[in-house]
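Working notes, structure below.
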Amino acid sequence: MLCIGSSAHAAAMKRGFASDPQVRSGLIRMYAESGSTEASKWVYDEIEFPDVVMTTAMVCGLAEAGGVDSACGLFDRMPDRDVVAWNAMIAGYNLVGQPREALGIFNRMRSDGVLGNESTLGSVLSACSRLGALDCGEWVHGFIKRGGLRLSVALGTVLIDMYSKCGHVDGVMEVFNSMREKNVFTWNAAIGGLSMNGASVACLELFHSMLEHGVELNEVTFVSVLRGCAVAGMVDQGVEIFESMRRLHQIEPTLEHYGCMVDLYGRAGQLGEAINFILRCPSSRMWARGAHCSMRVGCTVTKLWVSLL
């Protein structure tokens, strides 16, 4: 992409329209998205009087490349900021793992009276999820309801994830049940949220509802529901679901699924069954890798092998 973009830049300069505002904005974004922020800065610095569109393009490019400090400096100098620039800063801070700063930008945005859009709310909810900031997440949810905004599949799924990470099971189900449209990611988010918060019965019920609705399951679906079975000690249900992966859904179990089954047996105190399950697995090397992939499963496996000594 960078090679093609550089060629387009050279052609624009040769034909004399590289100074066109739209062309310059496009070049700034193109270089930034290609990972060449220095080239983006060069194009931007060549502009004597950059307008809002050009500066926003530069802010977006820097933020998307992880250069939030540089982006913030430029952002703060902007006399006028549109929602695109605000969104870029919020998403940029999320990108570099600074959710608290992302929420700080959102609060400034609100103070300036700038109305956000779906992209804004999605980024803010992601920051809330990382921080466990339930109050802020509930404010966003309330804002959506008060404004009569349509709860899209993407926004609803992020909202479910926020409530899950904040331990609010009722919030998970309220959002899920209010959504007119759902996809597999929405179902997985709700099942995973119920599972991680110990609502195993509701998790299993939602899994069966997913089957009844004819939604195509994937690997993540089974990880979530098997974890729910493990937490509740639902051994028979877990075994049945695991065995259905290949038989009914043509999904090959991965290391994570096998780990869930070992955890299921281990939590239920069925150490003999857990050891037999390990011995029946396709490869013993899987458990060596498992200790690196999951500390919890690695510890369970270690305890089981020690019990044999």
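Using the three backbone atoms N, Cα and C, a Cβ is placed for every residue, glycine included.
Mean pLDDT for the repeat 'PPR' (82-116) in this predicted model: 94. According to TrEMBL, the repeat 'PPR' annotation covers 82-116 (among others).
As annotated by TrEMBL, repeat 'PPR' applies to 183-217 (among others).
Annotation comment: TrEMBL describes 218-248 (among others) as repeat 'PPR'. Taking Cβ pairs closer than 8 Å, the repeat 'PPR' (218-248) reaches residues 184, 187-188, 191-192, 194-196, 198-201, 203-204, 207, 210, 254, 256-257, 260-261, 263-265, 267-268, 270, 273 in its own chain, all 6 or more past its ends.
Counting only same-chain residues 6+ beyond the ends of the repeat 'PPR' (183-217), those with a CB under 8 A from a CB of the stretch are 153, 156-157, 160-161, 163-164, 167, 169, 172-173, 176, 223-225, 227-229, 231-232, 234, 237, 241, 249, 251. Broken down by DSSP into helix, strand and coil, the repeat 'PPR' (82-116) contains 26 helix, 0 strand, 9 coil. Counting residue by residue with DSSP, the repeat 'PPR' (183-217) contains 26 helix, 0 strand, 9 coil.
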